[in-house]
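Asks: Please read through the structure below; I'll follow up with questions.
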Amino acid sequence: MGTIAMASINTTSTSGGSAAPIQMSGKANAATPKLNSEVEMGSLPGDAQTQEDDIMQVARVGDVPAMEKLFESGEYDATYHDDEGITPLHWAAINNQYAMCKFLIEHGAEINRKGGESIATPLQWAAQRCHYYTVNLLLQHGADPLVTDAQGYNTLHISTFNGNVLLLVLLLHQGIPVDVIDTFGHTALMWAAYKGFPQCVDLFLRWGASVHATDEQGFTALHWALVKGSPGCILKLIEYGADRFAKTQTGKTPSVTAKELNTEVAWHRALTECGFDEDGHPAVPPWPGASYFLKDKRSFVTRFLFFWPFVLVWAMLVAMSSAPVYIGVPLGIAAVYAIQWVAQQVLEYAPSDMRHFHKTPWLTGIFAATLFWTGVNWLTTVLFATTLGAPEGKGHGILNFLFALFFGFTVYFYIASMRYDPGFVPKMNGIAEQKAVIDELLAQWKYDETNFCVTCMIQTPLRSKHCRRCQRCVAKHDHHCPWVYNCVGINNHRHFFFYLISLTMGIVSYDFLLYYYFDTVSKNASETCNVLSPTLCKYINADSYTSILAIWITMQLLWVTMLLFTQFIQVARAMTTYENMFGIRDGTNITALTSTGAPLDPNHPSLSATGPAAAHSHKHKGGMLKSLSRTLGVDPFIETITGRGAVSGKNKRKKKNPYSKGCITNCKDFWCDPAPIFGQRENGSAVLGGERVDYSAMYESPSLMTITGRRDRGGYEAVGTEDVV
């Protein structure tokens, strides 16, 4: 299947399997600047010609005064070009010399002049190196992004070769047709799929790119994705309805293509995750009524995996309490395994983004089930035994009242944390508004992955973060909690905190109730059993079901208290969990820019990365224990108590928390916020340093606002009841 490679289609232009575009010229091959001070090193002037006399070299280094002198001498002007048609604007563009480009344009440079071996424009030279600030400058002054080079590639195609999503977003907002083709009928989507850039594929598909478009040989984007074998690209194309049986002009389907190119593993995996068998046909569950239940897969799987744990928890408790310990424990484990196996079978037919338990409401259902069966046990067993059924003078009405109160609070705040909008940052109303935001960020030199979300197409406020589970940016994002199946953000953070407090107090009060309950019911119980001490034997023999339930709910106290402790410390420090783990973003680290405009910060990788994690600044590594540690909140707890957090220890001296106003003020801001406790707050509203702020529209840190004295859209302000931040 060697002919499948895109290089073979364009044999006159490319060689091998890279299918990379021809470089702008032999000189351009050496242009790999990382900073503005690095210049194109090809064909430097010889001894007979000084740097000041070589207009091309002056353009490379961006020496505007020297260029002015050359123009004043009358030897050159901005329209000068060499024998290959290359102009000073070409060299300034490929080396990201923004000031030089602006100077040349203002002095009459031909902005769409073609030159070099590939006969390309300055815009294409700049796009080849992902210099999107220079690209934007050229576009503002009339550069045509649809002009093609010698190979038939326009600026969108050339930009796709490098996979820089920010540059592609900029170009798409210029009105370039997303399905524009090159000489051989390849769309940008095909190139992104072939190069293995899942983020670019996702961007083009969300922009409306056709998954059914074919090139001259009948290849679709899905065929090209199978050449590279990128699972992310293949999966995304199938999700958007790519034809799994489309044939090329030679009759080859994607399945045949995958087999001949040894990418069957990625192909079959993508098919499975999208609900198809290995032949590409819809997978049909063997259980009765499956076609009815799976009409709406997402709704059915979500509801099933929330309520099925109710059966799991009940079966575990009954199994373990119905037999001696050496039989009950294995029986309980077997029951849990069997019930989870059923859930796993349902999960096989879930949408592709719900194929793992931690991406579903499974853990939420386990907690809800524990809460439900605890309430049932209290109402049917413990309540009467510790009030009306207790010996005279040994009733515990007050303790029962306290438990009922904490139980009710836990239920309410649990539901509030789960159902309330966590603080999703509002999206733009259309492409025009998105373009206005992009233009504003470019004007402020803030167009980068730190300040712009390519998924939501919005300017990201400070302290916000894009949640890959919720697929939205969340204002003052704390963390995504699998136990409430929701993000914890500015809108529901306090509800989540009250949920933890109520849960902790509820478990403690119930344990006290159970102590008095067993003291009453176990007086005549046998002390004989296996393994356990006589006291525990009496409790289990008196009421084994309640005993197992007590052990189960008390175990929850471990992770709850760790999480509660961490949250108390973070509130006192005016930090979120994300900031505690990965550092504080205050909007001041984006002044130093690389040639692409990305921040000079190792914690913020370029969006040209090909992996799914390219848009966020850290990688999640580790096996099952690490995953369990994150799920139970152990990681932030350890980071907090050991002082190894991102804003503690060695990093403490590097950056002060601009959001902290002192422990007392921080706590007052959080706890005395006028937003309703029993109800939903206005989206993004909060208190910071005693002033009302809107975290869904905060773009500069308070410390920077204090220095500059600005109180506009780029920061925060105290507002009245009719004012909007």
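Backbone N, Cα and C atoms are what each Cβ position is placed from, and that goes for glycine too.
Fair warning: this is a prediction, and the values are worked out from it, not measured in the lab.
According to Swiss-Prot, the repeat 'ANK 1' annotation covers 84-113. Marked as repeat 'ANK 2' by Swiss-Prot: 118-147. Residues or ranges marked as repeat 'ANK 3' by Swiss-Prot: 151-180. Look at Swiss-Prot and you will find 184-213 tagged as repeat 'ANK 4'. Per Swiss-Prot, topological domain 'Lumenal' is recorded for 386-397, 517-547, and the stated evidence type is sequence analysis. Among the features that Swiss-Prot reports, transmembrane segment is placed at 304-324, 327-347, 365-385, 398-418, 496-516, 548-568, with the record citing sequence analysis.
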Asks: For the repeat 'ANK 3' (151-180), what does DSSP give as the number of helix, strand and coil residues?
Replies: 16 helix, 0 strand, 14 coil
Asks: Below 8 angstroms Cβ to Cβ, which residues of this chain, lying six or more residues outside the topological domain 'Lumenal' (517-547), approach it?
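Replies: Distant Cβ neighbours of the topological domain 'Lumenal' (517-547) are 317-318, 320-322, 324-326, 328, 377, 381-382, 385-386, 389-391, 394.
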Asks: Find the average pLDDT over the topological domain 'Lumenal' (386-397) in the predicted model and report it.
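Replies: Mean per-residue confidence for the topological domain 'Lumenal' (386-397): 81 out of 100.
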Asks: Tally the residues of the topological domain 'Lumenal' (386-397) by DSSP class, grouping H, G and I as helix, E and B as strand, and everything else as coil.
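Replies: The composition, in the requested order, is 1 helix, 0 strand, 11 coil.
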Asks: Using DSSP, how many residues of the repeat 'ANK 4' (184-213) fall into helix, strand and coil, respectively?
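Replies: Counting residues by DSSP class gives 17 helix, 1 strand, 12 coil.
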